[in-house]
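Student: Pulled from TrEMBL, these are the listed features:
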BINDING   106-113, 182-186, 236-239  GTP binding site
DOMAIN    97-384  domain 'Tr-type G'
Amino acid sequence: MRSPTLMRLQSRAVSGLTRSARFQPQTLLRQRCASTAAFRSAAVAPAYQSKLGQWDQRRNASEVASAVLEAAKANPDGLSQAAIIDSLDPVEAARLDKCRNIGIAAHIDSGKTTCTERVLFYTGRIKAIHEVRGRDSVGAKMDSMDLEREKGITIQSAATFCDWVKKDKEGVDQKYHLNLIDTPGHIDFTIEVERALRVLDGAVMILCAVSGVQSQTITVDRQMRRYNVPRISFVNKMDRMGANPFKAVDQINTKLKIPAAAVQVPIGAEDEFEGVVDLIRMKAIYNVGASGEEIMEKDEIPEKVKALAEERRTMLIETLADVDDEIAEMFLEEITPSEDQIRAAIRRATISLKFTPVFMGSALANKSVQPMLDGVIDYLPNPSEVENLALDQKREEAPVKLVPYNSLPFVGLAFKLEESNFGQLTYIRVYQGTLRKGSNVFNARNNKKVKVPRIVRMHSNDMEEVTEIGSGEICAVFGIECASGDTFTDGTLGYSMSSMFVPEPVISLSIKPKQSKDGANFSKAMARFQREDPTFRVSYDSESDQTIISGMGELHLDIYVERMRREYRVDCETGQPQVAYRETIGNRVEFDHLLKKQSGGPGEFARVMGFMEPTGALEENKFEQQVIGGSISEKFLYACEKGFNLSCEKGPLIGHKVLGTRMVINDGATHMTDSSEMSFKNATQQAFRKAFAESQPSVLEPLMKTVVTAPTEFQGDVIGLLNKRGATINDTETGVDEFTVYADCSLNGMFGFSSNLRAATQGKGEYTMEFSHYEKAPPHMQKELIAKYLKAQADRHKK
C-alpha cells in the first residue's frame, strides 16, 4: 500500500497525534461547576420524577449557565465549544442537536430554488411541487415576488423552516428541525448571500454537473470563507447532456482550493441517470413514486458502476486521511475504517472547514435530494458546535464568546429588513438566551429600548405566530425600528456583534417620478429600499438637482425601478447609467497654505503645512497629524480631518470620490481671535485642491471580472465582441459543447453588452460581472471626462 497519500502521511510525525486540546474539559468551568454536578448527563434523569429533583436540576442548570457565561467573558479563547456542549442541560442539548441553520447558495441557474422546492416537498412543508418561472401559474414557493416568477431568478433571499425525519444507527426515526434560506445566484444581489451566510451555521453549495465551478461559485466560496461557514456540495443536473460530476469534484479541489471527495457515485448519467451509490455504506439508492418521494435501497450495486464505486471509496478515505488525524493513523496502519468512523471523520473535517463532501443528483428529475438532506444532518453543525463572538462594550470591546443557553441573557442579530403589509419585518438570529413576545430588548447601536409585540416564523411570504424563540433559532419580529446589522440584547449585557460585509456600488443613474404628484410615494419607496438593501444607495446632487441611485449593476437598479412601478405605482424617468469613477493623487506634494480674511469684525485665519502622497493601494484614504509643539490645537486638527474627508467625497477632476490619498499635517499657525474650526476646515480643503492639482492626478475606472459562457460554435463571435469593448482576456475553457471566457472589462464599455451577446449567440450565451479593482482610465477617456465635467460646471455658473 504505497499511495501518494501514504507517502505524505509517513513524512509527517503522526506518532504523537492526539485529539485536539479543545476537546479537553476547561479548568475554569470545572472549578465553577464542581459543586453543581454540571457534567452529569443521563444520571440526572431520575431527579425529574419529583418536584425537589426538578428544583435541584433547575438550580444546577442555572449555576452552570452562570459559570459558562463568566468563562465566556473572562477567557473566550480558553472556552472550547466542546466544553460548552458538555455542560449543557440534557434537554437543551437534545434540542440544539436536532437543529440545523443552513443556506443554499450557488451560481445562477444551478438549480437552487428547484432544489429548495424538493426539500420543502420531501419534508412535508408543501403539498405539491411547483417550478420556477411560474410555468404552472403558481411558481416555486420560495420565489414569492412576481418579478422572480416572471424572470425565473431569485432576487431576495427567502427563509423557511421544515422538519426532516432521519433514521439513526438503530433504525429509529429522529426528527430534525431545519431553518433554511434560499439565496439569489446573480452577482447583482450578492448582499442577500452575504447577510444569509453571516447568520447561518452551514450551507449547501450547489454546482451544475455540466458547468462545474463557475464565476459566482467562486464568489459564494469567498463569502463562505469570510464567515467560516462549513459546507457540503451537491452536484445538480445529473440528467443534463454532458453531465460530469467528477469534473466538478476536481474543480472544487483545484479552483476553490478546498479538499473535496465524492461520497456518492452516479448510476448512469444524462437521460440514463437512475440513482446513486452511497460510498460509505456501499448501497444503491433509487427514488420511486410519482415525485420521487420514496427511497429504495439495494445492497446489490449495479455491475457497471461497481469498480467506479470501489475506486471512489478509496479516494474518499485517502482524502480524509489528509485532513483528519484519526483516519490518518488508520491509513498508516492499513486498517479499513468502519462506516461510523468515516462518517465521524467527514463531520469533523467539514465542521473544521478542512473538507467538503460531494453529493450528486437531479432536483428537477426528483432524484437523490433526500440523501443530500441526510448529509445536512450528518455533516453540518448544530448551533452549539459553532463559535460565535461578540464585543463587550462595557470592557473596551473585549471579545466574548456567545453561549447558546436559553437561560442566559438574550443576544440577537438583525440581519435583514423587509417591508410587509403589517409594517417593518426584522429577521433576527438568536445567538444566546430567549426572545419572548412582549419582552423589552435594547438596540446596542443606540441603546434604545423597544418592546417586541409580535414574533413569527417565516415560510417564504407566509407567517406562523410564536410566543418565544430559543437560542440557535431564526425568526422575524414586527414593530422594531432598526438597521440591518444591529445587535439586540436584554439590556444586562453590553454586547455588540459585527455586521456583514457590504460591497461598494459600481453603477449609478439619475431618477425622478414622471408625475410630480407621485413625489410622496417616490420618497417613501426610496427610503424603504435603502433600509432593506445596504447596497442600494440614494443621494441628491445639488448641482444638477437630481436624485441619484447607485447599486451593484444594471439589473440591480432595473429591478428597483420596476418594483417602484408595481408596488408604489410610480412610473419613473431614468438617465443614462453612470460609472462610479474615482480620482487619485499622482505623486507626493508638499503644501503650505494660509487662509486669511481680516477686514474688520470676525475674520478667518488658518495656516496648514504638510504633504499629500499616494497610499500605495487604491483603497481607503488616510489623514494623519504630526504636529509637534501645539502649533495647531486638537480641536482645529479635528476640523482639518473633517475638511480632508469632505474633499475626498468630491474630487477636483470630475467630481467623483478620491481614493488612495494620504494627507499629513505637520505644522501650522493660529490666530488668537480669528481662528476657528470652520477656518481650518476651509483651509484644509483649499490646500487639498491645490496639492491635488499639482500631483499629476488621474481618473480611475472600475474594472469588472467578466465571465462569458456560450456554445462552442460562437466562440469566435464572443471573443470578437469582448475585444471590441477593450477587454483583457485572461483565460478560456472549452468543454464538450460550450466554452467559458474569463476577462477584465471596463464597466464603461459593458453597457448594452447583454443584448449584443444575445444577438451574437442566438440567445444562448450568458455572462456575469463582478467588481475587480480600480485602474487608471485611458488618457483620451480622462480628457473627455474632465472636459465634460468642466463644461457642466461652466453651464451651471451661467445659470
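Yeah, the Cβs are placed from backbone N, Cα and C, and that goes for glycine too.
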Student: Between the binding-site residues ASP109, MET238, whose Cβ has more other Cβ atoms within 10 Å than any of the rest?
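Tutor: Ranked by Cβ atoms within 10 Å, first place goes to MET238.
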Student: Counting across all protein chains shown, how many other Cβ atoms sit within 10 Å of the Cβ of THR183 (GTP binding site)?
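Tutor: 28, counting other Cβ atoms within 10 Å of THR183 (GTP binding site).
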Student: State which of the following binding-site residues has the fewest other Cβ atoms within 10 Å around its Cβ: ALA106, LYS112, HIS186.
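Tutor: Fewest other Cβ atoms within 10 Å, among the binding-site residues ALA106, LYS112, HIS186, is found for HIS186.
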Student: Which of the three DSSP-derived classes (helix, strand, coil) applies to HIS186 (GTP binding site)?
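Tutor: SS state of HIS186 (GTP binding site) = coil.
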Student: Over the domain 'Tr-type G' (97-384), work out the mean pLDDT and round it to an integer.
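Tutor: Looking only at the domain 'Tr-type G' (97-384), pLDDT averages out to 88.
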Student: Could you find out if DSSP has ASP109 (GTP binding site) as helix, strand or coil?
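Tutor: Going by the DSSP assignment, ASP109 (GTP binding site) belongs to neither helix nor strand, so it counts as coil.
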Student: Indicate whether MET238 (GTP binding site) is helix, strand or coil by DSSP.
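Tutor: Note: MET238 (GTP binding site) is coil by DSSP, not helix or strand.
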